[in-house]
Amino acid sequence: MYKAQYLWLFGLVLISRSATERTTPKINFTTVVGLKTTPAMRSSSASSLGGSLPMVINTWNFTDANFLAWRILNVTQGGLRQTRNAVVEGCTRCEQQQCDRTVGYGGSPDELGETTLDAMIMDGSSMDVGAVAGLRGIKDAIRVARHVLEHTKHSILVGDLASQFAQAMGFRSESLATPESKAMWMEWTAANCQPNFWRNVHPDPSISCGPYKPKATPLTRWKEDRARTEYSIGHLNHDTIGMIAIDAANNIHAGTSSNGARHKIPGRVGDSPIPGAGAYADNEVGAAVATGDGDIMMRFLPTLLAVEAMRAGKKPAEAAEVGIRRISKHYKDFSGAVIAVDRLGQYGAACYGMTEFPFVVSNPSKTDIPSRQESVKCITGKEAVNVV
């Protein structure tokens with residue numbers, strides 16, 4: 001059932017290949033990945049760009065995922081009725097390629113050495129959501145999320161029972177471990193499980209592995225404990241793919257896929273599958289996607305904040321800053337980014353805790369280059385004091 005459902009899509013992409021190549025320059029991916037077609041934007045004063053539809057935009061320099069999504073979007077004129085296919089298959093490409101080992105199988109093993117997956121797809125027309133969290137033994141996370149959206153009245157399925165649902169829908173169960181993920185886990189355990197996500201437990205999590213038990217510690221000390229064992233979030237950790245596709249009729253889908261935080265406590269769910277945290281879409285306004293320290297970001301629903309800021313009149317770049325500044329007010333060591341796009345295709349981004357944040361854009365533009373990489377300079381600690 002699962003294979004049959006996607007054979008038609010594969011056929012459409014092949015059929016459109018020759019037509020697409022007649023209108024699209026051949027791409028040297030080595031060149032495109034290193035390309036900055038737009039001067040780096042400083043997020044504290046960035047102007048929003050674009051305004052052309054249809055479009056696909058995604059986090060990080062995941063160019064292949066964007067390029068496939070763009071081709072699928074162009075199966076029909078103006079991308080009509082293809083935004084869901086574009087986002088799902090674009091993110092699937094990243095899952096298959098194990099982008100930065102932070103998306104898909106074989107990356108970010110938890111404390112027990114297991115890789116689990118989170119993913120979401122949101123329809124900006126109906127406001128329907130399909131998501132999976134802690135998905136075990138199924139590689140096609142965002143395709144399973146699509147089945148949650150299309151075949152259930154629920155929004156999120158989690159854990160083993162999400163895997164059972166996937167199998168009932170025709171997905172194959174298989175190990176998500178690879179020699180690389182096993183080696184990553186063994187290296188971590190050999191280093192006394194450092195760093196990790198525990199606090200206020202014994203034995204001391206900063207120097208030893210568990211099992212841990214809670215200890216009676218004054219609540220005022222938790223920040224000190226957190227600092228000793230906290231991860232450096234950024235490249236190669238928490239690099240969720242978030243993708244937005246908009247067609248010429250302003251129909252929007254937004255989606256995410258991630259294998260979560262490396263060496264997370266088993267059972268942990270990040271921001272990626274949470275509507276308003278990992279992604280949010282509303283045809284009346286636009287959409288936003290986020291990436292970074294999900295445990296912190298999900299507490300602020302930054303993609304919902306960005307969409308609502310655009311609804312209130314802010315430009316996309318300004319809207320992306322809203323959540324970033326609010327988070328950084330409370331968490332000075334936080335690291336993350338938000339991309340915001342309005343319904344007309346204007347886009348902007350903001351980031352914090354990094355030097356620069358790359359993203360990939362495809363739209364009808366003066367350069368006529370699909371899947372071009374752009375970047376934004378990140379807000380510094382001093383700039384972040386002006387909270388929106």
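Residue numbering: from 1, along the chain as shown.
Glycine is no exception: its Cβ is also placed from the backbone N, Cα and C atoms.
Fair warning: this is a prediction, and the values are worked out from it, not measured in the lab.
Per Swiss-Prot, active site, nucleophile is recorded for Thr240. Counting Cβ atoms from all protein chains shown, Thr240 (active site, nucleophile) has 33 others lying within 10 Å of its own Cβ. Secondary structure at Thr240 (active site, nucleophile), as computed by DSSP, is coil.
If you draw a 10 Å sphere around the CB of Gly294 (substrate binding site), it holds 28 other CB atoms from the protein chains shown. Taken from Swiss-Prot, the feature substrate binding site covers Arg268, Val269, Gly270, Asp271, Thr291, Gly292, Asp293, Gly294.
Cβ neighbour count for Cys99 (disulfide bond): 26 (other Cβ atoms within 10 Å of its Cβ, all protein chains included). DSSP assigns Cys99 (disulfide bond) to a helix. As annotated by Swiss-Prot, disulfide bond applies to Cys94-Cys99 (among others), with the evidence given as similarity to another entry.
Summarising the environment of Cys209 (disulfide bond), the number of other Cβ atoms within 10 Å of its Cβ, over all protein chains shown, is 17. In the three-state DSSP assignment, the secondary structure recorded for Cys209 (disulfide bond) is coil. Taken from Swiss-Prot, the feature disulfide bond applies to Cys193-Cys209 (among others).
Swiss-Prot lists Cys351-Cys378 (among others) with the feature disulfide bond, giving similarity to another entry as the kind of evidence.
Look at Swiss-Prot and you will find 1-20 tagged as signal peptide.
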Query - Maximal Cα-Cα distance (Å) across residues annotated as binding substrate, namely Arg268, Val269, Gly270, Asp271, Thr291, Gly292, Asp293, Gly294 - result: 16
Report task. Give the three-state DSSP assignment (helix, strand or coil) for Cys351 (disulfide bond). Result -> strand
Report task. Fill in the CA-CA distance, Cys351 (disulfide bond) to Asp293 (substrate binding site), as an integer in Å. Result -> 12
**Report entry** Close disulfide-bonded residues near Thr291 (substrate binding site), where close means Cα within 10 Å, chosen from Cys94, Cys99, Cys193, Cys209, Cys378
**Finding:** none
